[in-house]
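What TrEMBL records for 424-444 is region 'Disordered'. Taken from TrEMBL, the feature transmembrane segment covers 115-138, 144-167, 179-198, 218-239, 246-269, 275-300, 321-342.
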Amino acid sequence: MRFLQIAVPVGKRDGVESVLSEADVDYFLTDETSGRDYAALVFVPTEPEDVEALLDDLRAIGVQRKGYVTVSKLETVLSDRFERQRHDGPTAEETIEETNGRIAREELRARAAEIAPITANYVVFTVLSTIIATAGLLMNSAAVVVGSMVIAPLIGPAIAASVGSILDEDDLFRTSVKAQFAGLLVAVGSAAAFGGLVRATFLPHAEIRLIGQVAERINPGALALVVALGAGVAGAMSLTSTTSVALVGVAIAVALIPPAATVGLGIAYGDVTAAVSAAILVLINVLSINVASLATLWVQGYRPKHWVAERTARRAVVRRAALLLAAVLVLSSSLAVTTVNISENTEFEQTVGDITSETDAQVLSVEFSYRTELFLRHPSTVTIRTVGGSANTAESLRERIERRTQQDVTVVVIREDGDVSAARALRSPPTDAFDRRDSPTNAASGVVGAYPAVGVA
């Protein structure tokens, strides 16, 4: 519920009473005795859905020019009369349906302006969130990564920019856009600094692509776009309703903080592929969040009050939405490539599983390693643990895998008695600026392989 307090200018008392009576809301009026240019004070308890219509009517009779209206949250009202008004007055179902259960544009503008600017707390919480996320990535701990998102403040500027566009508030739009990019730069810089510290102290040679949580941000699929779009819609709806903005902000942080931390790690470890791939994911996500929140606010019916401002806002929204959508589509082509690559690798793993099940040896496990390139991963090694088998098992499996999958990979067979046999790929993998050592699909917790783990999931 909301509580309106109206300072009624001299000469506007009858008009205010007429507006409130026609709206069929209960109100309390008292004379103003301070001797200033106000005739009365009016107090109106009402529903959030009714505020915008009341403010429009009060603005139309000139209250805003010489008086003022404040809107505050009202926790509860102990009144049978007010309860009857809620059911029988302007808060009936048809009115709620007409306003889509949203708050007034003035309240939306105020909420957006409050969370848009860059403040000391915004910077501090962004740094802390990113450092925790970076530690979680290095630990390969999904729990730590998720925990870092709870304190991330990035939802404010991301949604406030759309509010500025919809309501033709250029200052709000510019402030929010600057805050978004500043926040991302702070996040990447924090991750790079923390990653550099880790590299300089106890993990100088770690291959970050071996970490499952990092690999997810380097080679994301098309579903990453769904996450960002959903976060944008949820963020906009949380700002226009009574849902906790901080709670929904976790969804936006999911799309921004871990990829930004991955960019920083890539910079710290000199991994161009990791940094570039994650940076593209960050751009896709931030643009998707903006276009989704912009569309959501427009569909909810938010517009500037005056028709001239509405025409300006409409042109700005169409132009910005078109640019955002075009950028998302262009950048998302990388996600399409990655999604196809993921499908091909899944099919490869299934085929190898079928081949190994046909061998005479009892197969205990099959692990796959991949060579990572920009947006792509190519299978390089298949490691098979068996009971039984012979020294020729590895070569036999390599030939069958190549024949059925057209993939030339190294096959390593580790028998239960400790014997190891390997059949190396006939063709050496390409070496270019993006290549790094193989990264397994099921990397263990933390930094693995030839390096010590730094934590557990």
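From the backbone N, Cα and C atoms, a Cβ is placed for every residue, glycine too.
Automatic, uncurated: that is what TrEMBL annotation is.
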Can you work out which residues elsewhere in the same chain, 6+ from the ends of the transmembrane segment (179-198), have a Cβ less than 8 Å from its Cβ atoms?
116-118, 122-123, 126-127, 129-131, 133-135, 138, 153-154, 156-158, 160-161, 206, 256-257, 260-265, 267-269, 282, 286
Per Cβ pairs under 8 Å, the stretch of 115-138, 218-239, 246-269, 321-342 packing most closely against the transmembrane segment (275-300):
218-239
Contacting positions for the transmembrane segment (246-269) when only residues 6+ beyond its ends and CB under 8 Å are counted:
129-130, 133-134, 137-138, 145-146, 148-150, 152-156, 158, 184, 187-196, 198-199, 206, 208, 213-214, 217-218, 224, 227-228, 230-232, 234-235, 237-238, 275-276, 278-279, 281-282, 285-286, 288-289
